[in-house]
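Peer 1: Quick one: the structure is below, and I'll ask about it shortly.
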Amino acid sequence: MHKHSMGYLNRASKAIQVVNRKYRLSPNHHHHCYRLGLPYSSSYEHGFCSNSRNSNRKDDNNAIDLSQYPTEKIRNFSIIAHVDHGKSTLADRLLELTGTIKRGLGAQYLDKLQVEKERGITVKAQTATMFYNYKSKESSTSYLLNLVDTPGHVDFSYEVSRSLAACQGALLVVDAAQGVQAQTVANFYLAFESNLSIIPIINKIDQPTADPDRVKSQLKSMFDLDPSDVLLTSAKTGQGLEHVIPAVIERIPPPPGMCDSNLRMFLLDSYYDEYKGVICHVAIVDGSLRKGEKITSAATGQSYEVLDVGIMHPELRSTGFLLTGQVGYMVSGMRSTKEARVGDTLFHNKTIVEPLPGFKAAKHMVFSGLYPADGSDFEGLNNAIERLTCNDASVSVARESSTALGLGFRCGFLGLLHMDVFHQRLEQEYGTHIISTVPTVPYIFEYSDGSKVEVQNPGAFTANPKIRVVASWEPTVLATIIIPSEYVGAVITLCSERRGEQLEYSFIDSQRAFMKYRLPLREIVVDFYNELKSITSGYASFDYEDSEYVASDVVKLDVLLNGQPVDAMATIVHSLKAQRVGRELVDKLKKFIDRQMFEITIQAAVGSKVIARETISALRKNVLAKCYVGDVTRKKKLLEKQKEGKKRMKRVGSVDIPQEAFHAILKVG
């Protein structure tokens, strides 16, 4: 028995040597670029070549040999859709059809965060590698399919653009009943500008209100997509899904990378694992990556050693290497996700490469102060924010102090949804209760001496008596609104009130209108979406993208209690709206601040000019309660003494501001 075993090992060893010589000495071989100087799969180390590609379902005990997949056998694609049009369900079905996950493993498999499942919006990019045996008339070929699941909102448009840069095609999913919506438009143009092959899919055709023909007409009129190219599916029932993966293989081109060039690798996203550290989702554009190599970041200049590399199938599956066109994960010893810049180019140490185009640092467009609801629990909030930012490096965080709220943080976000999701995750995942100040946007002010300053925190923006403000600019957005035709008038009025400039107005079909506006970002930060939904009975869809800064006459609006400014309530508004906003603020505060033992004056002021005022009268203590007998003179003395005491309290007393007051002013526009 022992001799037979030794004989087998000797034959296996000789076979491996033959394979090694063949790979190193055959530069003209069809797949030479995948074999020259590359690590061999773990199957070679065990003396056999894996044939597990003959079926769609892999046995977890079999190693995956990625060298069997040159670029012509790879398809990289994404799924893009408006909220609730079935993007996550379709992804689940594709993972099941390819045997990547078992049926019924769980809804929204690629949405790892609770907030993603609740809102139906992808926040963090994910990747999934699938294997599919495609049978044509001539032959049967195994393909490697990489699904790059992109964030699903325009706040993350940069992250989406970087994810799409790793793809060659996209599935554009549209609800058969709802038709084209605002995010459908935004997602289409992101994919179109990325030169992706677009496969239109009308989903949810099983609904009683489904109207695929109407949606086909919309896709034709809006995007010039041929109705004959549209796939009809129901991800819920499985109807039509058998055509999706063949369409991906037939219509989407293979990745164009050069396998014999130096490594260039896209960093798609990252997350922090308490055991492995930072895990990066990556796409190999050129060359190859293997465990043990040293790489450098083009964005930071930092160097790292590749500790592990593999694919998401569906979870971490170590393969030892990734080749041109393949998408997977990498562990490199990064200590924080702040080192993993989305869109960064990673390359081998001591090589010179041209960084991949499109990288830019995170641009924060919405800012807000975060404070613990319990003023004494600053450390609890600090720990929660530190843990959360381990997985969301796109948030900027700086400590700040408020006279009204104590110690807290000034946070910068990519947009409104990003801010809301961050707040929700703090409260749901880490159990923290927070007070958020009025969201603001970054303004630019120019002074009489020619200097310019960007203001992100109105509370910290103080007038300089030596120089005056001579000009100011505010950021704007290009907003897309799709509504039923009967609500056009109400929406035009709303956008006009929010200082909007109409850029486009047309009809998608006989029932729905398409509108495009340039709006100040400040005007949509406060309750615009809720009001839009309200006046259209919930039928409006809204999306926006960052636009340019425009000149604007804006002023700082202060809130004063008994003459003392409350920094956490300061805001910047357009001069034409200052009077109305100031009046709304003092009225709201009067409702929520309780009467105290002294009179409270609430004022809204622009500079030294008070533009709105309310007074909360003092509670009067009955100092005469025990004066059953006595002359009028004694009673007058007691009342005068009380009056003098109230004057002192008003001068030195502090006003208690309830949490409800801060929540109320968040909705003041």
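Any Cβ shown, glycine's included, is placed from N, Cα and C.
As listed in TrEMBL for this protein:
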| type | residues | note |
| --- | --- | --- |
| DOMAIN | 72-256 | domain 'Tr-type G' |
| BINDING | 81-88, 149-153, 203-206 | GTP binding site |
Peer 1: Select one residue from Ala81, Ile205: among these binding-site residues, choose the one with the most other Cβ atoms within 10 Å of its Cβ.
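Peer 2: It comes out as Ala81.
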Peer 1: For Lys87 (GTP binding site), just count the other CB atoms lying within 10 A of its CB, please.
Peer 2: 29
Peer 1: Within the domain 'Tr-type G' (72-256) only, compute the mean pLDDT.
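Peer 2: A mean pLDDT of 88 is what the predicted model shows over the domain 'Tr-type G' (72-256).
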